[in-house]
Amino acid sequence: MSENAKMPPLPTGTFGERAVTWSRKNLFDGWFNTLLTLGAIAFIIWLIPPIFNWAVVNATLTPTIEGCAEVTGACWGFVNANLRLILFGTYPYDEQWRPVLAMIVLVGIICGSLAAVKFPGLRKWIIPMWVIGVPVIGILMWGGVFGLTYVQNSFWGGLPLTMILSAIGVIFAFPLGLLLALGRQSNMPAIKTVSVVYIEVIRGVPLITVLFMASVMFPLFLPAGVTIDKLLRAQIGIILFTAAYLAEVFRGGLQAVPRGQFEAADSLSLSYWQSMRLIILPQALRLVIPPTVNSFISMFKDTTLVVIIGLFDFLGTVKLALRSDPAWTKYYVEGYAFAAAIFFLICFSMAKYSAYLEKELRKGERR
Amino acid sequence: MKIKTILAAGAMTVAAVAAHNAQAGAVLDGIKAKGFVQCGVNTGLPGVAAANAEGKWEGQDVDFCRGLAAAILGDSNKVQYTPLTAAARFTALQSGEIDVLARNTTATLTRDAKLGLTFLGINYYDGQGFLVPTALGVSSATELDGATVCVEPGTTTELNLADYFRAKGMSFEPVVIENINETTAAFFAGRCDVYTTDASGLASIRNTMAPNPDDYMILPEIISKEPLGPLVAQGDDQLADIGRWVLNAMIEAEELGVTMANVDDMKANSTNPGVQRLLGVSPGMGEALGLDEAWAYNIIKQVGNYGESYDATIKKMLGLERGLNALWTDGGLMYAWPVR
């Protein structure tokens, strides 16, 4: 931004002249930058055409192994032929409209909640939406009522599983993280100690260990015959893990709120919860939007680790499809590229939304 | 692998407790009550257990689960699958999360005795071998001194490899890559001279991943024994008996020439006492196992005999011939205990 301020008025002249001036100024500004520019151009020329040829020109969408054998480029036919396996995993084939519907409901609730920033009228609907929507998703996925056949959740997989794990993870990890952050700031020694120990222990181990403990060690400590659902164990593991990280993010936000704000709240004789809700948290949370979304993005990607405990998230179903027929196995680059594209799409949307949210909430400060 | 030691120790402790708690027939009663068999399978190994494009599980281990369901419940579709990683498989069985584990598991003494598990038999005999480019010019594993070897870490494969080379007084340089796709890619890119894993895996990799399969050959040496089979937790001997006889019935059916197609005809017309006993025409076998007399009929009708299952899974997906897994009468190791 400061660069812009220093810039002289735009030079007049033909488009060509302006282009030359612009590139002199921005691309060939001294020998070092010239070298960098030329290097970058060479790199792009070296990199882009082969990728483009591979991914588009020489690629095929024909969903057969024979069709793929004929082309030299990417075999998108692998994705095409196995799309439903990749998207829904081992969910019963004839019932796959249910996860589709569940995803639509989930995306609807998420979008509805996110849009509340722009449309304040939606705000009072956020909680009802989730309270109704989550059971609806559960009914669609599990079934067993209203004439839907029961589908054990070991059959769930693919994108719905990834999205459910992430969405439920965010919903529960957020308040838990907030409580832990407040607990760590608390004056009460017991609460403070519990929070600190929890945060430090969970942060001290990798998620893969938490999941492994939840799926392999935990059942061993239960009495014989008692089992707790594997998906539930993984979900709880993810929530506990993310909450510990979020707690530290929120603590950063709390510490950044000036002392005077706390004192002002006290002087208004607000109770602890009132001052938090009305004065401190709105400021603290706004400050930490980027790292919070960062945590969410990393949690979204971390859900792929559930594959080690035998659940097939979206990346897991890509692997499942690669192994559905040995002839497909060699097209793993296409499979992973497809998964990467979907993950990028979702993570990039989250990042963009967080940037937008920051801008919206800062409106009061600009002016 | 420290974590494995910890897990094994934990598993053993709990196995001791669990074995104590379990009542005879408890798991079998559970299967009958809930109306399906909960079967632990591989997370994806073509021919053994893998989801097809419609998301349905297929493979030889899957066929065992279906056979068990057909024998106990009369319907091979009454199976729920739990995909399990190698590390989680025994815990899942001990904790009762699954009723039976059919996950290409090598039968060993410690697993059978110390972990509180019971192997039901062997449904696939495998062994570790070597895949080399023909251009390397070797015809025997004894000529591999000094070779670079691509191998997946943390497997018995890696240990067997070290044992074999040490026993032969040869040296080798391991190229250890975690992911099977990358390991094979590295091998076909020429980063190592030799690729080693179970012979079944080598054959499928050669057939499906090699740019030109004829440029690669599997050396004749098989350096380890890998008898793979299904297992149950100790404590339910009746279920263990049924599982063992599901395996035997499928092999016996092949020995007797009973197939999915001719089973009805055989049941109605065969005068062979062996066939009559197997298919419940002369009763007693089902009763002895606590099952319906049509138990073996249901298996063969719905899943097929051992050979049919093999052809539809391992042979179809991996292109592997029967080899060690042929009937004993054809020079293999498959030999059913008499159903009588």
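Heads up, the Cβ atoms here are built off N, Cα and C, so glycines get one too.
Copied over from TrEMBL:
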{"type": "TRANSMEM", "residues": "A:31-52", "note": "transmembrane segment"}
{"type": "TRANSMEM", "residues": "A:97-117", "note": "transmembrane segment"}
{"type": "TRANSMEM", "residues": "A:129-151", "note": "transmembrane segment"}
{"type": "DOMAIN", "residues": "A:159-355", "note": "domain 'ABC transmembrane type-1'"}
{"type": "TRANSMEM", "residues": "A:163-183", "note": "transmembrane segment"}
{"type": "TRANSMEM", "residues": "A:204-226", "note": "transmembrane segment"}
{"type": "TRANSMEM", "residues": "A:232-250", "note": "transmembrane segment"}
{"type": "TRANSMEM", "residues": "A:336-357", "note": "transmembrane segment"}
Tally Cβ pairs under 8 Å between the transmembrane segment (A:163-183) and each listed stretch (A:31-52, A:129-151, A:204-226, A:232-250), then give the stretch with the top tally.
-> A:232-250
For the transmembrane segment (A:97-117), name the stretch out of A:31-52, A:232-250, A:336-357 with the most CB-CB pairs under 8 Å.
-> A:336-357
Restricting to the same chain and to residues at least six past its boundaries, which positions have a Cβ under 8 Å from a Cβ of the transmembrane segment (A:232-250)?
-> 165, 168-170, 172-174, 176-178, 180-182, 184, 195, 198-199, 202-203, 207, 210-211, 213-215, 218, 284-285, 288, 291-292, 294-295, 298-299, 302-303, 306, 309, 311
Sequence-remote contacts (6 or more beyond its ends) of the transmembrane segment (A:129-151), Cβ cut-off under 8 Å?
-> 91-92, 95, 98-99, 101-102, 105-106, 108-109, 112-113, 160, 164, 168, 171
